[in-house]
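Novice: Found this in TrEMBL, in case it helps:
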BINDING   89-94, 140-143, 189-198, Asp224  FMN binding site
BINDING   Arg320, Thr580, Ser641, Arg642, Lys648, Thr649, Tyr650, Val651, Gln652, Glu685  NADP(+) binding site
BINDING   Arg477, Tyr478, Tyr479, Ser480, Thr495, Ala496, Val497, Tyr501, Gly513, Leu514, Ala515, Thr516, Trp723  FAD binding site
DOMAIN    83-240  domain 'Flavodoxin-like'
DOMAIN    300-548  domain 'FAD-binding FR-type'
Amino acid sequence: MADAAIDTLDIAILGAVLVGSGIYWFKDKLLGSSTSTSINKTNLAKQPLVPMQKPNAPALKINKTVRKTRDFVEKMRETDKTVIFFYGSQTGTAEDYAARLAKEGTQRYNLKTMTADLEDYDMNLLDTLPADHLAVFVLATYGEGEPTDNAVDFWEHLVSGEDVPEFSVGDYEDSDKPLTNLSFVMFGLGNRTYEHYNSVCRRVDEKLQALGATRIGERGEGDDDGSLEEDFLSWKDDMWKATCDFLGIDFLAGNSGPRQATYKVQEHTAEEVEGLKKVYHGEHQEPKFMLGSRPTYDSKNPYAAPISVSRELFTTAADRHCLHMEVDITGSGITYQAGDHIAVWPVNAEQEVNKLATVLNLANKLDTVLTVSNTDPASTKLPFPVPTTYRTILRNYVDITAPPSRAFIGQLTPFAPTDAASKLFALWGQDKEAFRINVADARRSLGTVLEKILGVGQSMEIPFDLLIESIPRLQARYYSISSSAKAHPTSIHLTAVVLDYKPDVAPEETVYGLATNFLHNCHGHINQSGSIEPKYEISGPRGSHFVGETGVKVPVHVRHSNFKLPRNSALPIIMIGPGTGVAPFRGFIQDRAQDVKNGKKVGATVLFFGCRREDEDYLYKDEWPELMKDIEGAQVITAFSRQPGVPKTYVQHRMNEHKELIWDLIHKQGGYFYVCGDAKNMAREVNHKLIEIAMTCGEMSEEKATTYVKELRGRGRYEEDVWS
């Protein structure tokens, strides 16, 4: 019996070894790996694309760690492309600009173009792009000078890493300039109210040139605080001239022929629908799974999180709404820290869906199933999952509530049903001032713009592929997390004012914030508080977001931030957070309160909070005493701007009253200074006030005080989480 047992064990071990070996050797096929650790002989045989060499230059060595399955140069060769448009995009605008440029290059100048998501390719292959090819970078700056989520790996490799990053070719004539073969174009998207305006495109531009690359034309920079679209349009004409000169193309001979469709739309019959494996009704991409466990949730695959708590923070005396929500992340694998952001994935309001469908003559076939495909067989990326329906596209996948671009309005001119409408399309599409007044400043949705041009009740036929091509994808909206994972490890809290306002140029109309009104609908469902306008369909794909009679899930993911507490909890902190800018500081204070409970020494914790009136919108008023009771030196200093019988007071005024305290904590005790809220006015004023405090309490000149505050930023002791 003993011998038999040994034989069985031997066989079991041998079988396990064989299975393990099989998994190892065929892991790429079994696990769908997108990477490879070596170049195979077939790829080497096709690999002349290395930097151009001078005669008699030493032979170039190929680094064998190149991951060929993510090789954009190989893809360009196989699909006969010569110009590649890389994008780093957070909200979809940079991606949209890259696609528009690629299409214009193809249609006007017969260029062979492709667009590329930075995270989809190995950017250490930039040194192998042929010298007669061109790389175009369209890069957004996110937050305080940070790259977008899909550009993080590229940024860390090129900018944040070594002075001379490692690329795919080992030896170069000049080891400090591995990119001498690379010619590139650069356009950046930023917001001038932020200190690090367009810093991503600027630093990438600088680094590429330092590594030997040649920029073609002037670097373009768009300002989202001004007119991003106008900055883009005014830059691109000069860019095309420089690009044509580089490629040896006659700029003036550009083709302005008929529009070339990017996508093909095919409607399905009821019989065909029966044979489809799946029809998408608002789902995003298929979830990615970590080895042998749960799916991963990120900016391309949100988690449908149950809302466990939803309550109103403003009192009934206020004429606005502010929501406190808690979403349950139990079992999701999502982690966060105080200071991170939660992304909420909304849908479009039903009134906007129906309005646009009516104008486009789609109202009677909203539930028709269709498939969208690329007209270019080399393009594999689609804007949303297919097959799907017209209703789902307008509700879930494209941002129909954002004002359409001036270029798109101009493109609609040939489809106008009347001469009067044609003239208005042409005017609003060409005249900057007419566009600003009637579209941009009025914040009119596409459906509303079409109604204004055509007249209420009128309609027009627009190729649906043009609509898909021209409207950005519906993107997540980001909110500062208002909780601490130390205190609430299985839930994430968010704090949001429900946005609605009447624009100055169109006071008879109301503009509704997309995501906050979506959340308000969720709040109304949970609390059974009656009908809320505008109405959103919050039930999710096939009703999957409803939980019982009153529960609802909301799609979310977490974006990690650099807005963090000091590692040493004993250091003091000062937080400036008026309105919902207090959100991350609620998380900070929860964090420090938990540290006290765990026996850690915690430094002074001072919050400057501002709102209109103490009896209306003083957020978390009843929580602060309990949260702060065990933190030595903790206090809330309030500023009320509309309190009856009291002069209008803002946080910067209260900073001035407590300047000695601020100077002691920041300068003498080495504390950290945090600001969250409005970038354009409040954050700028707070920065000026801190400079004044340094001048007064530190007896510095204005120049020295300005340098002092700038150095605080440079050392990470002055952090901002602001928006415009």
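Cβ atoms here come from the backbone N, Cα and C positions, even for glycine.
TrEMBL: automatically predicted annotations, no manual curation.
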Novice: Taking only the residues the record lists as binding FAD, namely Arg477, Tyr478, Tyr479, Ser480, Thr495, Ala496, Val497, Tyr501, Gly513, Leu514, Ala515, Thr516, Trp723, what is the largest Cα to Cα distance between any two of them, in Å to the nearest whole number?
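Specialist: It comes out at 22 Å between the most distant Cα atoms.
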Novice: With every protein chain in view, what's the tally of Cβ atoms within 10 Å of the Cβ of Asn191 (FMN binding site), excluding that atom itself?
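Specialist: So the number of other Cβ atoms within 10 Å of Asn191 (FMN binding site) is 22.
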Novice: Consider the binding-site residues Gly92, Ala140, Gly143, Tyr194 and say which one has the Cα lying nearest the Cα of Ala515 (FAD binding site).
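Specialist: Going through Gly92, Ala140, Gly143, Tyr194 one by one, the Cα closest to that of Ala515 (FAD binding site) is Gly92.
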Novice: In Å, how large is the greatest distance between any two Cα atoms among Arg320, Thr580, Ser641, Arg642, Lys648, Thr649, Tyr650, Val651, Gln652, Glu685, the listed binders of NADP(+)?
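Specialist: Looking at Arg320, Thr580, Ser641, Arg642, Lys648, Thr649, Tyr650, Val651, Gln652, Glu685 as a set, their Cα atoms extend up to 25 Å apart.
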Novice: Looking only at Cβ atoms, how many others are within 10 Å of the one on Tyr197 (FMN binding site)?
Specialist: 17
Novice: Quick one: among the binding-site residues Tyr479, Tyr650, Trp723, which has the most Cβ atoms sitting within 10 Å of its own Cβ?
Specialist: Tyr479
Novice: Tell me, how many other CB atoms lie within 10 A of the CB of Ser89 (FMN binding site), whichever protein chain they belong to?
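Specialist: Taking every protein chain into account, the count is 25.
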Novice: So which binding-site residues are near Val497 (FAD binding site), with CA atoms within 10 Å, out of Gly143, Asn191, Tyr197, Arg320, Lys648, Gln652?
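Specialist: So the list reads Arg320.
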Novice: C-alpha of Asn191 (FMN binding site) to C-alpha of Thr495 (FAD binding site): distance in Å?
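Specialist: Between the Cα atoms of Asn191 (FMN binding site) and Thr495 (FAD binding site), the distance comes to 24 Å.
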Novice: What number of additional C-beta atoms lies within 10 angstroms of the C-beta atom of Gln652 (NADP(+) binding site)?
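Specialist: The answer is 22 other Cβ atoms.
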Novice: Between C-alpha atoms, which of these binding-site residues comes nearest to Arg320 (NADP(+) binding site): Ser89, Ala140, Tyr194, Tyr479?
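Specialist: Minimum Cα distance from Arg320 (NADP(+) binding site) across Ser89, Ala140, Tyr194, Tyr479 lands on Tyr479.
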Novice: By CA-CA distance, flag whichever of Tyr479, Lys648, Tyr650 among the binding-site residues is nearest to Ala140 (FMN binding site).
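Specialist: With Cα distances computed to Ala140 (FMN binding site), the winner among Tyr479, Lys648, Tyr650 is Tyr479.
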Novice: Which chain-mates of Gly513 (FAD binding site) that are at least 6 residues away have a CB under 8 A from its CB, listed by sequence?
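Specialist: Correct list: Val498, Leu499, Asp500.
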Novice: Could you tell me the C-alpha distance between Tyr197 (FMN binding site) and Trp723 (FAD binding site) in angstrom, no decimals?
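Specialist: Given the Cα positions, Tyr197 (FMN binding site) is 13 Å from Trp723 (FAD binding site).
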Novice: Measure from the Cα of Gly92 (FMN binding site) to the Cα of every one of the binding-site residues Thr495, Ser641, Tyr650, Gln652, then give the nearest.
Specialist: Thr495
